Amino acid sequence: MNAKTDFSGYEVGYDIPALPGMDESEIQTPCLILDLDALERNIRKMGDYAKAHGMRHRSHGKMHKSVDVQKLQESLGGSVGVCCQKVSEAEAFARGGIKDVLVTNEVREPAKIDRLARLPKTGATVTVCVDDVQNIADLSAAAQKHGTELGIFVEIDCGAGRCGVTTKEAVVEIAKAAAAAPNLTFKGIQAYQGAMQHMDSFEDRKAKLDAAIAQVKEAVDALEAEGLAPEFVSGGGTGSYYFESNSGIYNELQCGSYAFMDADYGRIHDAEGKRIDQGEWENALFILTSVMSHAKPHLAVVDAGLKAQSVDSGLPFVYGRDDVKYIKCSDEHGVVEDKDGVLKVNDKLRLVPGHCDPTCNVHDWYVGVRNGKVETVWPVSARGKGY
């Protein structure tokens with residue numbers, strides 16, 4: 001995977017939380033750790049699922065922001081490339097050797113369009129989403145300037161209420177413009193229903209996706225009638241991939257969180273009413289935290305607070321234990337309820353974050369652990385790449 005192996009000059013506890021070969025107990029906290037066995041099982045499972053259903057899987061890099069994790073998804077899970085949300089994020093992956101990059105977002109600022117149009121010079125195939133005909137003209141001009149080619153996905157707003165057009169006529173108009181524009185290629189449709197990914201009920205998610213799939217089918221039919229059949233119809237996430245893959249319309253999935261999982265995704269249910277983190281996917285990402293104070297007999301204070309995680313989707317839970325509970329946090333402190341006084345100062349706990357994506361974005365490194373030993377230390381390659 002071309003993972004970093006030379007850590008000479010790195011000081012543990014200042015530059016980096018751990019080094020390969022260390023015991024898990026020696027890792028400096030708070031930091032992100034990956035259970036490599038669970039991660040690899042998740043990646044293989046999604047790859048096997050996509051293959052069995054005749055689908056491409058393009059893993060979403062906005063979740064992990066790591067070139068090394070993406071390469072693992074490609075080598076173990078057959079991922080065909082990476083999805084990104086920002087130009088700088090796409091640059092981090094392309095510069096890191098990822099050869100197929102889709103920006104699942106609109107790029108409108110002239111300077112960003114210029115950078116996007118230069119990106120194929122790294123050797124990567126680059127595709128971007130569009131929801132406005134004027135954007136086609138700007139992208140074409142920049143690609144001509146740099147002598148590059150860009151792929152175009154027309155984005156449909158199929159319920160997220162964000163970017164994307166809402167009518168089949170608008171889809172056809174933009175696709176025609178892309179097909180006619182120099183240095184651009186119309187490749188397909190982006191149709192991701194983000195608003196329903198975290199709905200607890202399987203039936204509620206299915207109802208939202210049924211409506212989205214019907215909308216996308218109308219657009220596909222309209223394109224085919226104009227001789228513009230899309231090569232790819234792309235979308236789907238960890239909370240919905242089974243709907244898109246059985247739709248007969250989509251042929252590419254964009255799942256991301258399945259690889260790591262988080263507390264919020266764990267709360268949603270499958271068709272049998274089971275949590276999807278109990279059999280479908282495993283928790284592979286944890287915030288490793290240490291007890292720093294136990295001055296009160298029923299409360300332990302740990303070193304993972306707001307600056308170590310995102311709590312927009314709720315507080316983390318303590319993994320593998322029901323005798324202690326993470327109950328509140330401030331900038332640098334987390335408070336763990338310890339009714340029986342079982343914790344001691346310097347004990348380490350694994351926390352499952354409420355929301356993996358923004359939690360990963362506040363850390364510099366992933367520490368990969370197997371059988372209690374540090375095996376890998378990977379940089380969060382696109383950390384802070386929000387431009």
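Quick reminder: no glycine exception, Cβ is built from N, Cα and C everywhere.
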Determine which of Tyr250, Tyr265 appears in Swiss-Prot for the same pyridoxal 5'-phosphate site as Gln85, Thr238, Gly256, Ser257.
Tyr265
Whole-number Å value for how far Lys62 (N6-(pyridoxal phosphate)lysine) lies from His355 (Mg(2+) binding site) (Cα to Cα):
12
Measuring Cα to Cα, how many Å separate Asp357 (Mg(2+) binding site) from Gly256 (pyridoxal 5'-phosphate binding site)?
9
Ranked by the number of other Cβ atoms within 10 Å of their own Cβ, which of the binding-site residues Gln85, Thr238, Ser257 ranks first?
Thr238
Other C-beta atoms that fall within 10 angstroms of the C-beta of Gly256 (pyridoxal 5'-phosphate binding site):
22
Cα-Cα distance linking Lys62 (N6-(pyridoxal phosphate)lysine) and Thr238 (pyridoxal 5'-phosphate binding site), given in Å to the nearest integer:
13
State the Cα to Cα distance, in Å, between Ser257 (pyridoxal 5'-phosphate binding site) and Lys62 (N6-(pyridoxal phosphate)lysine), rounded to an integer.
9
Per DSSP, three-state class assigned to His355 (Mg(2+) binding site):
coil
